[in-house]
Amino acid sequence: MDLENARPDSKGISPAEPEVTTHGRYIAEQMHIDKAQASQHIAGAVEVPQGRRILGITVFPYSHPRIQAAMLGLVLFMTVGMYNVLTFIGGAGQQTAYLSDVSNIALYTVFSVFCLVAPACLNYFGLRPTLCFGGLGYAAYAASLWCFNYTGNVPFVIFGGAWCGLSAAFLWTAEGAGLTSFASEDKKGLYISIVWSIYQVGLVIGAAIPLAQNWNAGDDNGSRVGNGTYIGLMALMLIGAALGAALYPWHKIVREDGSRVTLERQKTLAEEFRASVQVINRNRWIVFFFPMCWAVNFFGVYQNNDFNGIVFTVRARSLNAFLSGVAQVFAPWCTYLFTDKLPFGRRKRAFWALVYTFVIINAIWIGGYWGMKYTVEGLDEKERLDVFGRDYGWWCLLFVMYGFTDATYNCYAYWFIGALSNDPAELSVYAALYRLLNALCMVVGYSLDYAKYSKEFMFGASWAFLAFGMLCVLPIIKYWLKDTNMIVLPEDGAELRDEKVQFEETHVPSKE
């Protein structure tokens, strides 16, 4: 199989790639930079694929970045979205959280290890092969749970979790790089909302499977998800893995501002590893982003295993997952209003979007304190809260709003990553770090849950991590975040200055 990122032998941009416009060539000559580099860092350097108006609706061509963002969302829809169904119904659909804990400890341990190598592999092999490989492990995890329903084979479930962790490291790194690089700077919140909403529609549809299967079961199904659920989810996950091959080559994608997403790369795998390390060495201030990365999904252990998994019947848990997915479809668009639509520069938008995220999350977790306080553990299935039980609506609303804050937090974090750079090679490193620290935190979270730490401890730790993580990014916004990472052309005809190129010339070692 040929590498997606393999550069042709001829120099410059090949005929198969987007051609540089007259404007792009002129600026490249004036600044004494390569036309290919100009096409990546100058708006209007490449022609944007134009859509057609059909019955008053603009239909974009397949190569348009919005279509590619939607395709990326569909891959997540079919893979991670289906996996989240198993997570959101609590205990991986089994009677207790034990099986979920041990498999997820294996999953996130392997996940964290392979996040270290995923950026280099992505930049070497390309987006499509990485997405395909990244989706396979999710199907293996669902298959292991299906097998457990027949055989009770716990080691196979642990193996399925480890395989899922290996795949997830590559899938999430590829997803993060594509999610943050396909859009022009003024539309990154829009693209993240498109991808995240489609991804969460996967959760909605996927949650409908156990909801339909378990609706008539009431409280007589032993609080265990049936085999048909696992089979259906596994089939969808396999389709999602195959769908990764259908994306357009990312070195041919042109953003809506007329700049290319990335260039074909000539580096060897070893050089890609060194380049990934250099990204961190050049931008050591990224450590201020680490607490936010750590906190991103730790709260899910409490919400799913110490709240949803012990308070509700399996029917109610399935309905909760469905409604939470609906809330997460709409949550990104609220964040988008702050990240893209406020009439400020990017640094001010980053600050006010952070304020919105901080306020909404703390408001929901204040309400969550009362839910935690009145949670009763150790109930059998008939004693748990069912969909027709008294006060179910309020408890369900709390879980749904937890989902809303989950999407809000993740979408702001991805927008923030996208604001740090436009280069997928650099963004892939940030995306991998985001998921690496998240994975390490999840290992800790599931280990604490496995060790039977109290729900009060898990609740307090989750809330503290969220609040502290958001505060830590303030120094980056103040001192290092730029209003643009593109080459800005002065209107008065003064000497052109390319901060991006100057930065690379100063910090990036020359090729041997």
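Every residue gets a Cβ built from N, Cα and C, even glycine.
Here is what TrEMBL records for this protein:
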- 69-93: transmembrane segment (TRANSMEM)
- 105-125: transmembrane segment (TRANSMEM)
- 132-151: transmembrane segment (TRANSMEM)
- 157-177: transmembrane segment (TRANSMEM)
- 189-209: transmembrane segment (TRANSMEM)
- 229-250: transmembrane segment (TRANSMEM)
- 285-302: transmembrane segment (TRANSMEM)
- 322-339: transmembrane segment (TRANSMEM)
- 351-372: transmembrane segment (TRANSMEM)
- 392-415: transmembrane segment (TRANSMEM)
- 427-448: transmembrane segment (TRANSMEM)
- 460-481: transmembrane segment (TRANSMEM)
Result, the transmembrane segment (132-151) in contact with the transmembrane segment (460-481) (3+ CB pairs under 8 Å): no
Residues of the parent chain within Cβ reach of the transmembrane segment (392-415), under 8 Å, 6 or more residues beyond its termini: 176, 179-180, 188-189, 192-193, 196, 200, 292-293, 295-297, 299-300, 303, 307-308, 311-312, 316, 319-320, 323-328, 330-332, 334-336, 339, 353-354, 357, 360-361, 364-365, 367-368, 371, 385-386, 434, 466
Listed stretch, out of 105-125, 132-151, 157-177, 322-339, that has the most CB pairs under 8 angstroms to the transmembrane segment (427-448): 105-125
Intrachain residues whose Cβ lies under 8 Å of the transmembrane segment (132-151), provided they are six or more past its termini: 75, 78-80, 82-83, 86, 92-94, 99, 103, 107, 157, 159-161, 163-175, 224, 226-227, 230-231, 233-234, 237-238, 240-245
Other parts of the chain folded back onto the transmembrane segment (285-302), taken as Cβ under 8 Å at six or more residues beyond its ends: 87, 402, 406, 409-410, 413, 416, 420, 430, 433-438, 440-442, 444-446, 448-449, 455, 458-459, 461-463, 465-466, 468-470, 472-473, 475-476, 479-480
